[in-house]
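Engineer: From Swiss-Prot, here are the annotated features:
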- Cys475: heme binding site (BINDING)
- Asn25: N-linked glycosylation site (CARBOHYD)
- Asn81: N-linked glycosylation site (CARBOHYD)
- Asn223: N-linked glycosylation site (CARBOHYD)
- Asn279: N-linked glycosylation site (CARBOHYD)
- 7-24: transmembrane segment (TRANSMEM)
Amino acid sequence: MVISTNELAALTVVLLATGVLFYANSTRRAPLPPGPRGLPLLGNLFQFDVMRPYPQYLKWAQKYGPVFSVKLGGQRIIVLNSSEAADELLATRSKLYSSRESPHVGFDLVSDQQRMLFMPYGREWKIARKNVHSLLGPGPSKQMGKTQDLESRVMLHDLLCHGETSITEEFVEGPRGEVPERHWFSIVRRYTTSVVMMLVYGRRIHRIVGNPELHKVYDLMSNFTHVSQPGRYMVDALPVLRWLPDMLAPWRAEGRKMHKREMDFWGKLFSDSRTAFLNGTGLNGFVQSYLRARTEAGLEDLPGNGATEDAAGWMRDKLITYTAVTIVEAGSDTTSTGVFSFVLLMLSNPDALQRAKEEMDAVVGSSRMPDWEDEDRLPWLTACIKETLRRAPPAPLGIPHKVDEDDVYNGYLIPKGSTVIGNIWAIHMDPVRYPDPTAFKPERFYNPDGKLNWASGPDAHNRDHYIFGWGRRFCSGKYLAEASMFIVLSRLIWGFDFYAASDPQTGKARLPDVSDVDTFTDGLVTAPKIYPVGFKPRSEKHAEMIKASYRDVQNDWQSMGLAGDER
C-alpha cells in the first residue's frame, strides 16, 4: 500500500462519507460471507501484503471455507476458494459476474480506459474481444504453428550458445524484476515475445543483447501488473479520493506519466505499423490487417478512444493500440513464466525430469526434433507441464471480476459492485482435489492413453488447472500459450541436459525453494526470480542438429521477408 502525506491528510476528509457506506453495508438483509474482523472504515487494509495477498488468502480460505469476504476501505472483496464456487459464480452465472473492478490508476490513468483486460463488460469490450478472438481462438491460433516452430528452433540455438553463462557470470535482477539481457531468462523472453510480435505487428524480435525493445516490453508489463494489483493505491480502496485536487492526489500525476511511457512505446509500434501500411511496406500483422479493413470501409483516419457508434463498431486508433497490447500481454507473459517455473520444478524433481527424457528418447529419438504430432504421444511431458501450471500459477488470484447485481450463494449475499476473486492458489492447493498439493506430482495428470484435457477445454468442472480464468473472461491467449509451451519445452527436454549451479561447499544443486514465496516476484503476475541454469546438448548429434536447424531457419526468415537473427 502506497500512502503519501497528502493522502493521509485527505483520508480525514473522506472518513465520514466512508462511514455512511460502512453503515449501509452493515444493515444488509442477508449475511455476508465470513471473513477476518477488520478495522472500522479501513477494513482489512493492513492485515496482509496487498502486493502478495495469495499466501494470506490461502490461510483465510482454510479457516473460513469456500467463500470469504474482506474489506479494503470501501471496497468489498469476495474470494472464491473452491472450483465449485468459482465455476458456479464466474462461469454458470457469468451474466452477472463478467465485468471488472477496474483499478483507477492501472485502468483509468495508465491505460486511458482502453485496456481490454480491465474493461467493464459492455460494447467496447465485446468489440475488442471479438477482434482478439479472431486471432487467438482455437482455429486461428493454429496458424501460428510455423512461427512457434521456427522461433523455438532459434531459442534452442541461443541456449546452445549460452551454455553455462548464467552460472559462470554474476547476474542481479533489477528492483522491479528487470532481467539482465545476457541471462537465460532473456533468451526465453525473446522467444515468447517474438511469437506474439509477429502475430500483432508482423515483425520479429531478432536480437537479444543491445535490444531495448525486448526489455521495454517486459518493463511495461511488469509495471502494469504492479500498479493494477488490488489495494496497491489508497484511491482504489477509497474511490471518493478520486475527487481530490491534483495537489492532494500524487497518484494522478504518476498514472499519467506511466500512460505517456506506454504510449511512447506501444503508441509508436502502432504508428510504425500504420506508416508501413500506408506506404505499402507493411507485413500482415493484426494491426496492419485491421487498418486495411478499416480503410476499405472508408475510415482510414479514426483517431481517439473507443469505437464508432454504428453497427460495424470500428475500433479507433487508441483502442487498436491497446487491443494489440492485450494480445502481446496474453501471449508472452504466461508462456515465459511457465517455462521458468517448468525448469525450476523439473530440476527440483530429478526423477520426473529423467522420466521425461526417457519418454522423449522412446518416442522421438535423436534423429529429429519433436513436433506437433508428437503431443499425444508424450503424455508424461504433458503431465509435467500441467503440474507446473498447477503448482506455480502465473497469476495466483487471476484477474478480479465484478458483480453487477446483488446475488446470493449458499445463503451468503454477494453485494452488487463487489470485487469477486477466483482464488486459483487456494483451488490448486486444495488437498481434496489435489492430494499432497505442495508436492510436484505429474502423475496427477498422467494419461498413457494420450487423451488430453487441457485447461482450455470446455468442461469447467474437470479442468486440470485454472490459470486461464472463468466464464466470458476466460483468457484469450490460452491456445497460443499452451502450444508455445508444448513445442519449446518438448524440444528443451529433447535437446539439452539442463542443470543448476552447484554449491562449492556441498556439491549439491543450488536452487530456489519453490515453497518460498520470495522465490517469486509479487504483483498481479508472479514469476520465478532469476536463477542460474546451465545448458549442455545431450549429444554431439543433438548439437549439430540444433545448429543446422538454426541455419535453415535463417533462410526461412529471408524467404518470408523478415529480419534474420543477429547474434
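Placed from the backbone N, Cα and C atoms, the Cβ positions cover glycine too.
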Engineer: Spatially, and counting Cα to Cα, which of the recorded positions is closest to Asn81 (N-linked glycosylation site)? Options: Asn223, Asn279, Cys475.
Structural biologist: Cys475
Engineer: So for Asn223 (N-linked glycosylation site), how many other CB atoms are inside 10 Å of its CB?
Structural biologist: 18
Engineer: By a 10 A CB contact count over all chains shown, which of the glycosylation sites listed here is most packed: Asn81, Asn279?
Structural biologist: Asn81
Engineer: State the Cα to Cα distance, in Å, between Cys475 (heme binding site) and Asn279 (N-linked glycosylation site), rounded to an integer.
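Structural biologist: With distance taken Cα to Cα, Asn279 (N-linked glycosylation site) is 34 Å from Cys475 (heme binding site).
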Engineer: Can you count the other CB atoms that lie within 10 A of the CB of Cys475 (heme binding site)?
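Structural biologist: Counting Cβ neighbours of Cys475 (heme binding site) within 10 Å gives 22.
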Engineer: Distance check, please: Cα of Asn279 (N-linked glycosylation site) against Cα of Asn223 (N-linked glycosylation site), rounded to an integer number of angstrom.
Structural biologist: 34
Engineer: What three-state secondary structure does DSSP assign to Asn223 (N-linked glycosylation site)?
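Structural biologist: Reduced to three states, the DSSP call for Asn223 (N-linked glycosylation site) is helix.
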